[in-house]
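A.B. asks: Below is a structure I'd like to ask you about.
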Amino acid sequence: GNHTQPKFILLGITDTPWAQAPLFGLFLLIYIVTLVGNVGLMVLVWVAPSLHTPMYFFLAHFSLADICYSTVISPRMLTDLLLGNKTISWAGCMTQFHLFALFATAECHLLAAMAYDRHVAICHPLLYVTVMSPRACRQLVAWSYLVASLSALIYTSCTFGGSFCGPRQVDHFFCDASPVLRLVCSDTRGSEAAIFALATANGLGTSVVILLSYGHILHTILGMRLAPSRARAFHTCASHLVSVSVFYGALFFMYLQPASRHGSRDKVASVFYTVVSPMLNPFIYSLRNKEVKAALGKCRRRM
């Protein structure tokens, strides 16, 4: 059934002709800023010795995941807006969804690793060098990608494992689980339940790690006697908290709700976490970050 009609049609963000050119310009600008910002942050972390710390090691991988899953979505969306050719092969649709699921899930686990890093740095500063050793950091990153790879395989098999029939019109601007599952002829309740359970395990599991880490951090900060120490400790966590709020807010709205409640608002939420959020993260971690500003200043003076 999957190979009798090997093409899908992505209906896109809008079918209004006059809106497609302005949207193309807007999303092209956002994608360019995303690439420049995240690549620039990765290069800065690589060349600046002052940023060779566990926090920025995780941040570099977070930027890499942002680049990858934004690239999985944005170029295809820009092509559709510019040329109007919205057909995509079954293999292309499956590959797009698989890569998107992989990097989005990896970001969840990288955010949890970053929260744990801040917890150790603030709550157990004397053990920080031992606990967050280079080997431990590499293991946490490897774990993030391993879990993400296995999860993406399950997501993809559940989404594309059935038989498709009728007009293969995906009511979205990329191949996501919910709009694709609406095109499956057979009963999808089992697949939807499996996807929901795994998304809950990844989303809530990593969010519990983040909440527990920040619960201990808050308790430690409130116990500090000096106000400058409390302000400095909170400042080191502010950027990460903003990224967590932006990413998890849109993600929970999309995937931790029953399939029957998905609607037109999904496209707005999807644009936010697939297109806008990867662009914002470099600014979130650099505009109010003194270490990044100092490293950037030194690189400018060298150049």
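Glycine residues also receive a Cβ, built from the backbone N, Cα and C atoms like all the rest.
Any TrEMBL annotation is an automated prediction that lacks curation.
Pulled these features from TrEMBL for this protein:
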type	residues	note
DOMAIN	37-285	domain 'G-protein coupled receptors family 1 profile'
TRANSMEM	23-48	transmembrane segment
TRANSMEM	55-77	transmembrane segment
TRANSMEM	97-116	transmembrane segment
TRANSMEM	140-164	transmembrane segment
TRANSMEM	193-212	transmembrane segment
TRANSMEM	233-256	transmembrane segment
TRANSMEM	268-287	transmembrane segment
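Show me how these features fit into the structure around them.
C.D. replies: Residues 10, 12-13, 27, 30-31, 34-35, 38-39, 41-42, 45-46, 88, 96, 99-100, 102-104, 106-107, 110-111, 113-114, 117-118, 121, 137, 140-141, 144, 173-174, 243, 274-275, 277-279, 281-282, 285 of the same chain sit 6 or more residues outside the transmembrane segment (55-77) yet have a Cβ under 8 Å from a Cβ within it.
Distant neighbours of the transmembrane segment (97-116): 55, 58-59, 61-62, 65-66, 68-69, 72-73, 140-141, 143-145, 147-149, 151-153, 155-156, 159-160, 174-177, 180, 202-203, 206-207, 209-210, 213-214, 240, 243-244, 247-248, 251, 273-274; these residues of the same chain sit at least 6 beyond its ends, with a Cβ under 8 Å from one of its Cβ atoms.
Taking Cβ pairs closer than 8 Å, the transmembrane segment (140-164) reaches residues 1-2, 5, 57-58, 61, 90, 93-94, 97-99, 101-103, 105-106, 109-110, 113, 116, 177, 180-181, 183-186, 188, 191-192, 194-195, 198, 202 in its own chain, all 6 or more past its ends.
Tertiary neighbourhood of the transmembrane segment (193-212): same-chain residues 105, 108-109, 111-112, 115-116, 147, 151, 154-155, 158-159, 177, 244, 248, 251-252, 255-256, 258, selected by CB-CB distance under 8 Å and a gap of 6+ residues from either end.
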